[in-house]
Amino acid sequence: MQGSNCRRHSSLLPGTVTMAVRIMQAARAVLLAAVVVAMCSSVTDGAVTPLKIGFYGTTCPQAEQIIFDTMLRIFNTPIDPLNPEIGPNVAPDLLRLHFHDCFVDGCDGSVLLDGPTSEKAAAPNVRLEGFIVVDQIKAALEAACPQTVSCADILAFAARDALKLTGGFGYDVPAGRRDGLTSSGAGAVNNLPNPTESMSQLSAKFAKFGLTKEDMVVLSGAHTIGDVACHHIDNRLYTFRSRTRSDPSLPLPFLLQLKAICPSPGLQLITVSMDQVTPLTFDSQYYRNLQTRRSVLSSDQLLFTDARTRPIVNQLAKSNTVFFRAFAKAMVKMGNIGNLRGTDGQIRTDCKIVNAPVAA
């Protein structure tokens, strides 16, 4: 609320008004004034510190460029089989990190913390990658602007840059997040969507964070880049409740294609691209795959088979422009989940560990 509205309202009434009405109007005026003052005070006193585009404009104006340049360098590095975090995979890796961070205690960088019971160590996150990249970005930022840019904001900016590197688009990212002090492995297990869950279960997990079914469908479009371990699609290839043990909704050529990549159940070290048409391009092909029943994950295919979300899929499948605009809006919305701001939390100097206490 702007400061010009933070003023008390007059309770003066014309002399022709009866005393009873005068008293009622005065009471209303006092109540309204109290509400307005309370609202203005909540903002003025710093109880709510909104995220801001250009947040680092004066404290670290080169922050976003440093993040993009580091990601670009790693993205263009030849693929190394011994180091899967180097090369084009940096894009889906960092995009996924931001999503997994926000769904556990908000977007506070807690997914980056080390520890035996941390989010990083939880079952849904065992294949998360990109941590080495985050460390390199953080080191570059600390050299330029010590203890200024939060790890949580690094993930938000890097997720945006992942799209730019894979043929997508850029969009303004509001910043000002602070880093959390704890990380909950149990929170990751309970809150992160599971690829075998039903529409009701998936919708409930998104709704918990104020995200609608439309947001869910749009954000799922992140699966247009990146891969998944083969064992996550066992339920479609090898353990489906059917005579053939395969999902009968899969077109036979596509089923054989997936089985060639994942030749047996239980494979955790072999991966399959979630978009088999344009796996390294951020585009709306993901939604056209759903329309032709060529989705890798069963939870993704649900978005088209369920009548409640099918119209959203059809709309997003029309063009990259439609998808890009919707995705940017949904990402900014997700990036506002449960953030620490103002003086809450801290700005970690090393994203893997909480800062040591400052001596009194």
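One-based numbering along the chain as shown.
Even glycines carry a Cβ here, placed using N, Cα and C.
Note: TrEMBL links Cys145 through a disulfide bond to Cys60 (candidates: Cys60, Cys102, Cys107, Cys151). Each residue in His100, Cys102, Phe103, Asp105, Cys107, Gly109, Val111, Gly180, Ser183, Ser184, Gly187 lies on the same chain as Asp101, Val104, Gly106, Asp108, Ser110, Glu119 and has a C-beta within 8 Å of the C-beta centroid of that Ca(2+) 1 site, without being one of the site residues. A separation of roughly 20 Å, to the nearest angstrom, links the Cα atoms of Cys145 (disulfide bond) and Asp108 (Ca(2+) 1 binding site).
Annotated pair Glu119 (Ca(2+) 1 binding site) and Cys102 (disulfide bond), C-alpha to C-alpha distance, rounded: 11 Å. For His223 (heme b binding site), the spatially nearest entry among the recorded positions Arg96, Gly106, Cys107, Asp108, Ser110 is Arg96, judged by CA separation.
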